[in-house]
Amino acid sequence: MNKNSSNIMALAPSTSNKRETVCIFGTGDFGRALGHKLIQSGYPVVFGSRSTQAPSLIPKDAEVLSHAEAAQKAAIIIIAIQRQHYNFLTPLAEILHGKVLVDISNNLKMNEYPESNAEYLAQLVPGAKVVKAFNTVSAWALQSGTLDASRQVFVCGDNMQAKQMVMDIVRSLGLTPLDQGSLLAAREIENYPLQLFPMWKFPIFLSLGLTAFFFFYCLIYNVIYPYVQENQDFSFFIAITIANQICPTLALILLASVYLPGILAAIIQLYRGTKYRRFPDWLDKWMLCRKQLGLIALAFASLHVLYTLVTPIRSFIKWRTSSQTISQALNNETEPLDNTNAWLGDSYLALGILGFFLFVLLGITSLPSVSNSVNWREFRFVQSKLGYLSLILCTAHTLVYGGKWFLYPSSYRWYLPHAYMLALIIPCIVLVVKFVLIFPCLDKPLTRIRQGWERNPQHSE
């Protein structure tokens, strides 16, 4: 009997699912969009405004009252106004005492004020429980149902209960709350929307700088030198030939730069004998943007594949092939197949295909939807072991194709080596140093250091 009654109780509707009233101060674009989304999610909404006449754009199911009347109706009040207008809250301090104030404001530039807007709000209304949230979500995202925008909402606050109440609202709106800790994190959260691809700046600037350098380098090597020395016009090389030299060169250098900071970190840890000392700031920033470097390298490698596929249909290649055929016909001779060159050509292509396949695999596993479905050991195996294998294959691919130019003095034009020779420098350094680091005499102490062992613990910082 008791068992049956408990089942009936479990199936009975719960009255605790009733949503609490939410107050919104401000009837601007974001306030209206948020109010509409709250109403759709089942929350009673009341707007606090200087004018009690409901504007036409206000959701029809929402109530518009004065600030004081609206605040008395809700325990959670969302402040959807700019910081410079916060002064009107001071006379309402007694009414707002004990209530949860959600600051959603942003600034026009980073670190615009000495303190964050949320901390300033907490100073104006010391009796309220201030929570920072919703500032990383746009009005458009709320209006479009967050289908084409980020669902992440950063939340911070000093009162755990108040913060939990806000996070429950975030979840009910179909968004994902991310707890960032105390209100001290509000400054960083407010700076976040003002940042333009912060983790992409160094990779993009590096790739642009290398692109400009190798473009002018290849221009001198392939166009200017033949024109000056041999009076030949190869300016059309700019469209395909030079581009198809820049893309693989940058792809290989950027791929090597993904693993170079790990090599430097290992050397530093071996030298210091501890893992508890911070790396230099430049190395820390370099290691944090390795994913972005790898994705840009993959983009250049993909362009290289496309440029290579269109090579046979180029007019210059057709002309050169037909000229060779006509020359053999006029001389009544046929060049025999060179097995050595055939092996080199097929090996070059096979290494490139395998290297690009692993390169694409690395890019796929770096996507959040894929990386979240594998454990740390599997992710590390793909990114580290298969990553180095990809670097080996891509380096061998370049070495088989361009390594021969090291031996021919004619390949040095104005004492400049071919671009492919420059592309091999960093990858070869990374692979050689990595090969040395896997020796047991270095690998064992490095593993112990990364497990917490220290050579001189009394001197560690």
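Cβ coordinates come from backbone N, Cα and C, glycine included.
Here is what TrEMBL says about this protein:
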| type | residues | note |
| --- | --- | --- |
| DOMAIN | 21-107 | domain 'Pyrroline-5-carboxylate reductase catalytic N-terminal' |
| DOMAIN | 249-393 | domain 'Ferric oxidoreductase' |
| TRANSMEM | 204-228 | transmembrane segment |
| TRANSMEM | 248-271 | transmembrane segment |
| TRANSMEM | 292-310 | transmembrane segment |
| TRANSMEM | 347-365 | transmembrane segment |
| TRANSMEM | 386-407 | transmembrane segment |
| TRANSMEM | 419-442 | transmembrane segment |
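The stretch in 204-228, 248-271, 347-365, 419-442 that contributes the largest number of Cβ pairs under 8 Å to the transmembrane segment (386-407) is 347-365. Helix first, then strand, then coil: DSSP counts for the domain 'Pyrroline-5-carboxylate reductase catalytic N-terminal' (21-107) stand at 32 helix, 19 strand, 36 coil. Residues 203, 206-207, 210-211, 214, 279, 283, 286-287, 290, 293-294, 296-298, 300-301, 304, 359, 387-388, 390-391, 394-395, 398, 419-420, 422-424, 426-427, 429-430, 433-434, 437, 442, 445-446, 449-450 of the same chain, all 6+ positions outside the transmembrane segment (248-271), place their C-beta atoms under 8 angstroms from a C-beta of that stretch.
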